[in-house]
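> Below you'll find the structure I mean.
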Amino acid sequence: MPSNKSVSDAPITQFVNCRILRGSRLQREDLWVRSGSILDPEKLFFDEQGYADDRVDCEGSIMAPGFIDVQINGGYGVDFSEASEDVSAGVSLVSKKILQHGVTSFCPTLVTSPAAVYHKVKVHDGGAHGAGVLGLHLEGPFISAEKKGAHPERFLRTFQAGGIDDLMAAYGSLDNVAMVTLAPELAGSQSVVRELCRRGVTVSLGHSVANLSQAEEAVDQGASFITHLFNAMLPFHHRDPGIVGLLTSDRVPSGRTVFYGMIADGIHTNPAALRIAHRAHPEGLVLVTDAIMAMGLPPGRRTLGQQVIEIQGLHAYVAGTKTLSGSIATMDTCVRHFKHATGCSVEEALEAASLHPAQLLRLHHKGNLDYGSDADLVLLDDDLNLKATFISGEEVWKKAP
Amino acid sequence: MRLVILDDYDLASEWAAKYIRNRIIQFKPTAERCFTLGLPTGSTPYSCYQKLIEYYRSGDISFKYVKTFNMDEYVGLPRAHPESYHSYMWNNFFKHIDIDPANVHILDGNAEDLEAECQAYEDKIAEAGGIEMFVGGIGPDGHIAFNEPGSSLVSRTRVKTLAKDTIVANARFFGNDLSKVPSMALTVGVGTVMNAKEVVILITGAHKAFALYKAIEEGVNHMWTVSAFQQHPRTIFVCDEDATLELRVKTVKYFKGTSVLAVLLPGLSLSNCILCVCVCVLDISLQQLFQSTSHLIGVLMGTKRCVVWNLGKVGTGPTLDIKGVCMNKGWRCIMRPACVCIWQLIDCRSLLDVGYNKAKPCA
């Protein structure tokens with residue numbers, strides 16, 4: 001039939017035979033895409049008298065928004081925190097590889113490093129070349145020495161004189177930075193939190209020995225995330241729940257949600273703890289991989305940031321210790337494990353990896369399949385194994401038959 | 001008029017859907033000669049639409065050359081509102097089938113000039129060559145479309161204020177808040193629907209029984225606008241048992257008696273049948289008929305007349321092995337009970353009228 005679309009002549013693709021995640025439910029609906037955005041087919045039908053040019057048969061698969069990983073340190077031999085000549089090549093490699101885990105957007109994470117390492121990685125859209133970069137996640141150096149985890153102590157910093165000036169001195173520039181993790185008990189940090197939020201950077205609390213009131217104060221100033229809950233913070237105590245208490249704090253300003261990252265690899269958090277967090281505050285749970293450069297590589301010794309780590313099976317330790325160095329689980333593995341460990345619904349598991357991170361970063365056109373949103377999608381089978389990944393409506397990865 | 005009475009809502013919907021389907025197939029629509037269909041909305045035709053979607057999905061029918069004209073639309077309700085008739089038709093019908101959006105016509109309740117919109121609608125119907133078949137429902141106050149009591153029986157498409165009965169009946173779609181129901185609508189007129197070559201009215205549920213009684217057993221009256229169809233040459237009322245509750249037993253018996261049963265053998269689909277011959281056979285014993293394996297047997301309920309069709313080759317399909325049929329209503333069971341088959345109605349008066357009733361095993 002000749003084209004009679006009044007708004008645009010761009011081709012329209014109709015995904016049929018799928019169950020899409022919309023409105024927190026899996027619905028048997030077709031998904032329509034034009035020019036990389038999800039289209040309202042009813043408007044197309046009545047306003048433009050338009051119809052689909054291509055049909056993609058999803059064979060009954062589940063269709064979810066593409067996963068968003070807000071904490072990933074590298075993978076496939078690439079370490080984002082390692083000073084190197086060609087940073088963008090490393091980011092590109094990882095961004096291409098993680099498509100097969102269903103990740104369509106991510107925040108390359110830089111751990112505590114000397115000043116020279118905070119080079120610029122540009123925000124850019126995803127596509128066939130790889131997942132989109134939403135901005136850097138700067139984890140440290142303004143963190144607690146007692147909870148440094150795998151971060152090298154010699155590069156930790158505190159806010160000396162000018163708060164935000166110290167931060168700018170450490171990082172150079174905040175362009176292309178999506179998130180900063182800091183410890184709110186550090187003197188001078190509250191004004192920094194406020195200033196960062198004012199500039200549109202998401203502030204996360206982590207690697208900290210803060211008590212609950214210090215954490216609540218930071219949330220008051222605009223902090224909205226907790227970096228890998230339970231790890232690198234004071235354990236929950238019934239008289240001072242610490243940062244963990246934010247999940248049920250009544251001092252969170254109304255209308256705001258405190259999100260928290262969980263590494264659901266079965267190692268960083270005991271499934272019982274995962275369940276406690278999930279049951280206490282399900283809408284805030286954000287699945288993250290916190291993957292290190294060894295993700296995707298065979299076992300052995302590797303370098304992470306400024307330290308050496310050792311991989312044994314699914315575990316990665318700081319060499320010579322039993323301190324966890326980071327995870328090597330992939331995002332889709334985390335989604336499956338999360339669903340299995342908590343017994344949550346498929347919709348909840350998928351939203352924890354897509355909708356919640358998008359809400360955290362205030363990205364309204366990502367993490368959902370509403371009309372007008374970016375057509376970043378994943379197709380999954382009923383066990384949440386990935387079948388295909390799409391960015392802007394184009395297939396960028398497909399599982400080999 | 002024909003009054004086709006089925007046991008329940010689902011069967012009535014299926015009958016109507018099959019009828020519409022078969023009519024479209026028989027018409028053989030092409031790009032130059034589309035089948036124009038008038039369509040209703042509401043809870044009554046919902047299951048009928050589901051069935052039509054099923055027939056489309058199984059390949060029995062295509063809507064590519066079907067033009068549709070809806071009966072009505074609310075005034076002032078945004079088109080994207082979930083209760084607008086645009087939304088209803090999109091979600092419950094159009095999005096599931098292969099209809100060309102350019103062939104779809106629904107009145108625009110948000111048009112600048114409502115009267116011009118109505119006139120344009122009438123013009124579009126005329127341009128399309130008139131409506132081949134108008135499918136409709138009936139309100140509890142006997143209205144067709146939004147032609148409320150008191151509407152002229154020769155009216156055309158126009159703006160109407162909704163009657164209280166209608167607003168109350170529709171409140172359930174607006175959270176039971178009467179103030180949220182639109183008070184005006186654009187509707188095709190009684191005259192507009194009367195101009196259609198054929199009219200099919202779906203009436204199900206006990207709450208419509210009184211309206212049906214007024215429509216067919218009393219006179220033509222503008223207070224019960226559906227009664228106008230007593231003067232239409234070709235109207236079928238499709239109803240379930242509940243809708244006949246206010247009718248006289250005599251009326252019901254008469255119309256039930258004129259329906260025809262035929263066996264559609266398991267494994268045999270409509271597309272495999274080749275209707276060759278229609279023969280009226282009087283007073284032949286069922287035994288003799290059933291021994292024949294190359295015929296579809298039809299039995300006129302309530303009489304001893306049978307209609308026989310010559311089937312012809314079915315290709316590599318299952319052989320036509322008539323195991324036996326069991327019926328009630330006074331027929332002696334002469335064979336062991338068979339599976340319950342879907343029955344396809346064929347009326348020997350007009351070869352391709354279709355409808356059915358479900359055979360019940362005898363006691």
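Cβ from N, Cα, C; glycine included.
Keep in mind that TrEMBL annotations are predicted by a computer and have not been checked by a curator.
Okay, these came from TrEMBL:
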type	residues	note
DOMAIN	A:62-396	domain 'Amidohydrolase-related'
BINDING	A:Glu139, A:His207, A:His228	Zn(2+) binding site
BINDING	A:Ala150, A:Asn231, A:Ala232, A:Arg239, A:His268, A:Leu324, A:Ser325, A:Gly326	substrate binding site
ACT_SITE	A:Asp290	active site, proton donor/acceptor
> List, in sequence order, those recorded positions among A:Glu139, A:His207, A:Asp290 whose Cα sits within 10 Å of the Cα of A:Ala232 (substrate binding site).
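Neighbours among recorded positions, in sequence order: A:His207.
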> What is the number of other Cβ atoms found within 10 Å of the Cβ of A:Ala232 (substrate binding site)?
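I get 24 for this one.
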> Taking only the residues in the domain 'Amidohydrolase-related' (A:62-396), give me the average pLDDT of this model.
90
> For A:Leu324 (substrate binding site), which DSSP three-state class applies?
strand
> Starting from the Zn(2+) site formed by A:Glu139, A:His207, A:His228, give every other residue of that chain whose CB sits within 8 Å of the mean position of their CB atoms, in sequence order.
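Close Cβ neighbours, site residues excluded: A:Gln71, A:Val111, A:Gly140, A:Ile143, A:Gly149, A:His151, A:Thr181, A:Ser204, A:Gly206, A:Thr227, A:Asn231, A:Ala232, A:Asp290.
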> How big is the gap, in Å, between the Cα of A:His207 (Zn(2+) binding site) and that of A:Asn231 (substrate binding site), rounded to a whole number?
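Roughly 8 Å, rounded to the nearest whole number.
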> Relative to the Cα of A:Asp290 (active site, proton donor/acceptor), which of the binding-site residues A:Ala150, A:His228, A:Asn231, A:Leu324, A:Gly326 have a Cα no more than 10 Å away?
A:His228, A:Gly326
> Counting only residues 6+ apart in the same chain, whose Cβ is under 8 Å from the Cβ of A:Asn231 (substrate binding site)?
A:Gly149, A:Ile263, A:His268, A:Thr269, A:Leu324
> If you skip the near sequence neighbours and keep only those at least six away, which residues in the chain come within under 8 angstroms of A:Glu139 (Zn(2+) binding site), Cβ to Cβ?
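Non-local contacts for A:Glu139 (Zn(2+) binding site): A:Gln71, A:Thr109, A:Leu110, A:Val111, A:Thr112, A:His151, A:Thr181, A:Gly206, A:His207, A:Thr227.
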> Could you state the CA-to-CA distance between A:Gly326 (substrate binding site) and A:His228 (Zn(2+) binding site) to the nearest Å?
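About 10 Å separate the Cα atoms of these two residues.
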